[in-house]
Structure formats: structure tokens, C-alpha cells
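Right, one structure below, let's go through it.
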Amino acid sequence: MAEVVPKSVLFVCLGNICRSPIAEAVFRKLVTDQNVSENWRIDSAATSGYEIGNPPDYRGQSCMRRHGVPMSHVARQVPSLDLTCALCFSGSLTAALFLTGTWAGPQTPEL
């Protein structure tokens, strides 16, 4: 039987202190609640270096606590902008979901 390779998802926003860590925390909770967390590598990062090393914004942390969503995060920058796939979401939760060729590896073509 072939080895199951985890899918990788990287949520990205400007500073990695509000939208992308919220998306990461919510997605992590969803896959954990569905008992499929071993099938996923989940992370978030920033396109800028403004907030590197900072915790998520207090408003996002408060919202996650109110909804029972665990959040443990320190802002970091995307290691490579050599992206092979980008799915952008618009609206009140404006966030971009990026799968990087180097980070996501061979599972990217499955999209």
C-alpha cells in the first residue's frame, strides 16, 4: 500500500498577526474535530516582515477564545514567494491561501 503523504496548507496575509493565524487556527480545529489532522500540515505566514516574532492580535485571540478555538502562534514571514497555487478569498475575512511548491511538495498537483 502506498504511503499517505499529508497535504500542506499555508495561510498567508500581510503581517501574520490577524487573518492568517485565525485561518490557521480554525482550519486546524476543523481537521482535528474530523480526526484527520494526521493528513495535514498546517501553517501560516506573512508576506511582509513588519510583525515577525509578534503574537496574534489581541482581538483575534479573544475571538478564538470565545469560540473555543485553540491558537498558539508567532508571526513569521513566508520563506519563499515561489508559489505554484494561490486561492484568494475576498470579503470580511480577506485572506489568501497559498500552497508553495517547495513546502507543499508533490501533493500540489492534486488540486
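Keep in mind that glycine also has a Cβ here, set from the backbone N, Cα and C atoms.
Here is what TrEMBL says about this protein:
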- 7-106: domain 'Phosphotyrosine protein phosphatase I' (DOMAIN)
- CYS13: active site, nucleophile (ACT_SITE)
- ARG19: active site (ACT_SITE)
Round to a whole number and give the Cα-to-Cα distance in Å for the pair ARG19 (active site) and the residue listed as 'active site, nucleophile'.
-> 6
Neighbour tally for the residue listed as 'active site', based on other Cβ positions within 10 Å of its Cβ | 22
How does the model score the domain 'Phosphotyrosine protein phosphatase I' (7-106) in terms of mean pLDDT?
-> 78
